[in-house]
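Undergrad: Under the heading transmembrane segment, TrEMBL lists 12-31, 43-61, 82-104, 168-185, 197-220, 240-265, 277-298, 393-415, 436-457, 463-486, 507-531, 551-575. The Na(+) binding site annotation in TrEMBL covers Ala22, Val23, Asn27, Ser251, Asn283, Leu402, Ser406.
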Amino acid sequence: MEKARAQWGNPLQFVFACISYAVGLGNVWRFPYLCQMYGGGSFLVPYLIMLIVEGMPLLYLELAVGQRMRQGSIGAWRTISPYLGGVGVASVVVSFFLAIYYNIINAWGFWYFFNSFQDPLPWSVCPLNGNRTGYDEECEKASSTQYFWYRKTLNISPSIQESGTVQWEPALCLVLAWTMVYLCILRGPETTGKVAYITALVPYGVLIIYLVRGLTLHGATNGLLYMFTPKVEQLANPRAWINAATQIFFSLGLGFGSLIAFASYNEPSNNCQKHTIVVSLINSATSIFASVVTFSIYGFKATFNYEDCLNKVILLLTNSFDLEDGFLTASNLEQVKGYLASTYPSKYSEVFPLLENCSLESELDTAVQGTGLAFIVYTEAIKNMEVSQLWSVLYFFMLLLLGMGSMLGNTAAILTPLTDSQVISSHLPKEAISGLLCLVNCAIGLLFTMEAGSYWFDIFNDYAATLSLLLIVLVEAIAVCYVYGLRRFGAELEAMTGRALNWYWKVMWAFVSPLLIVSLFLFYLADYILSGTLQYQAWDATQGRLVTKDYPAYAVVVIGLLVASSTMCIPLVALGTYVMRRLKKGSSVPVA
């Protein structure tokens, strides 16, 4: 008899939970960056193709496995084959790593959210120096937004070797972030399903408000034209296709076990094929929608900086050559500069080194992703808006909801296998298991609140869930198609849902998607090998900018352990299962 299992209140809760998990910070801060890097509108071609041949099939595979096996990732893959329990263990390990570092983003979001109520915004101006005779030197060399991020938020050290101490403000925000996660996952699907309505829907409301505001900003059209003007030559760039496949893969959250966990709480007859299409299309549409919002604000920021640069040049030339106020404008600037250079060559040569090279195109070309886009570029634009406190509160509220939605899915990937385990659940109630998980993750996460914490964050972000996830999903596809049997799995899906598995899914699962994953895996391996010494970006306070440094030996060892600790679960668990079966078989042989 199958044991009683918690279920979603209704199918809509499941869909919202999947959307809330899949639609996350990557839609807001990575997809716009990729559009910027790889040809604007033309990037949508490889992106949509990869959605069809990789994203949808693999999403359907995980949802179907979870719904059929009605267990978390460990139990589901062990049911398919006792030797495949390591796939689920690897998913849990990767999700555990993700939970450790991902919630620090929510902690930073809380810090900025609380500071958004100040007037003026604390990142809008540089603070005065010690003797109050001018602005802080580091802030003047960088910018007020960079200073607030690197000095006031992170209090960052010059290198990863200088760990420093725990910063109490981010540490308290991290405790708050984990408290919020605990309250949301307290009773499994019962609470997660209700919270998912908020974390899935409210960010769209904020994005719509931001879209209306963004489109009315001066210079917004410059950003939108930059985004949608296709650079067709980028279609011949293999990196554009590789990054499109990678974005689809990680944006949907494949391989973490979260989708399997969510689907395991479904009714067996649930139409998971329809939900696959709905979730994947909404996820991709959100990325495009968020890009429109981002580029309208990005265009405003670029135009503001460009015009500010022009005004500085005009003021400098007007004062240096005693020109009449209003004579020099943006439209005649180049013409007047040529005239001054030919008429007053010696004086112009003295002034020339002080003239900034103002270019709208170069401002738009400055590609930023991740925390740089969220906490520096956006705040730079927000501080120049009218009623900037309101827009700041809305923006960081949206970031918090997106981050929390992803955390709900991530913790479900860890909790579901734990609560499915008779050994653990027979001794501890679900609430205690959830509490212990949050407590352990919060304690380890304090590492990221130290002065060198952001460097360790980058290590976890770059290496904890790249190669590992590709290997996990590759084994998943092979397991379903060639170990469990595609024909058998298709027949069971049809018996369960009443819908036959069509040729498209079969071809994608058996051939196209695995080949694509192998290609991505080889690309990442080659990229790591060819890159030589692993490097990171360190903040140089004396220059007010980031500089490139080599990772020390112990950091490289940690990177290796992050990758190996999850990927090695697959062969080690298989080997352990084989040895245990052999020993059990040997001990059961009757003695003559």
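Note: Cβ is positioned from N, Cα and C throughout, glycine not excepted.
Unlike curated entries, TrEMBL annotations are predicted automatically.
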Undergrad: Under a Cβ pair cut-off of under 8 Å, which of the recorded stretches 277-298, 436-457, 463-486, 507-531 contacts the transmembrane segment (393-415) most often?
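TA: That would be 436-457.
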Undergrad: For the transmembrane segment (277-298) against the transmembrane segment (12-31), do we get 3 or more Cβ-Cβ pairs below 8 Å once near-sequence pairs (under 6 apart) are dropped?
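TA: Checked: the transmembrane segment (277-298) vs the transmembrane segment (12-31), in contact.
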Undergrad: Hey, for the Na(+) site built from Ala22, Val23, Asn27, Ser251, Asn283, Leu402, Ser406, who else sits with CB inside 8 A of the CB center?
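TA: Near the Na(+) site, beyond Ala22, Val23, Asn27, Ser251, Asn283, Leu402, Ser406, sit Ile19, Ser20, Tyr21, Gly24, Leu25, Gly26, Leu252, Gly253, Thr286, Ser287, Gly405.
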Undergrad: Under 8 Å for C-beta pairs, could you tell me which stretch among 43-61, 168-185, 240-265, 436-457, 463-486 has the largest tally with the transmembrane segment (82-104)?
TA: 463-486
Undergrad: Give the one range among 43-61, 197-220, 436-457, 507-531 whose Cβ atoms make the most pairs under 8 Å with those of the transmembrane segment (12-31).
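TA: Per the Cβ under 8 Å count, 197-220.
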Undergrad: Mind checking which residues reach the transmembrane segment (551-575)? Cβ under 8 Å, same chain, six or more beyond either end.
TA: 83-87, 89-90, 93-94, 97, 160-161, 459-460, 463-464, 466-468, 471-472, 475, 533-536
Undergrad: Do at least three CB pairs under 8 A connect the transmembrane segment (507-531) and the transmembrane segment (168-185), leaving out pairs fewer than 6 apart in sequence?
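TA: No, the stretches stay apart by this measure.
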Undergrad: Thinking of Cβ pairs under 8 Å, which stretch from 43-61, 197-220, 436-457 has the most of them with the transmembrane segment (240-265)?
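TA: Against the transmembrane segment (240-265), the leading stretch is 43-61.
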Undergrad: Quick one: do the transmembrane segment (507-531) and the transmembrane segment (43-61) have at least 3 Cβ pairs under 8 Å, skipping pairs fewer than 6 apart in sequence?
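TA: Between the transmembrane segment (43-61) and the transmembrane segment (507-531), which are separate recorded stretches, there is contact, as judged by 3 or more close Cβ pairs.
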Undergrad: Please give me the CB contact count at 10 A for Asn283 (Na(+) binding site), counting all chains in the structure.
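TA: So the number of other Cβ atoms within 10 Å of Asn283 (Na(+) binding site) is 24.
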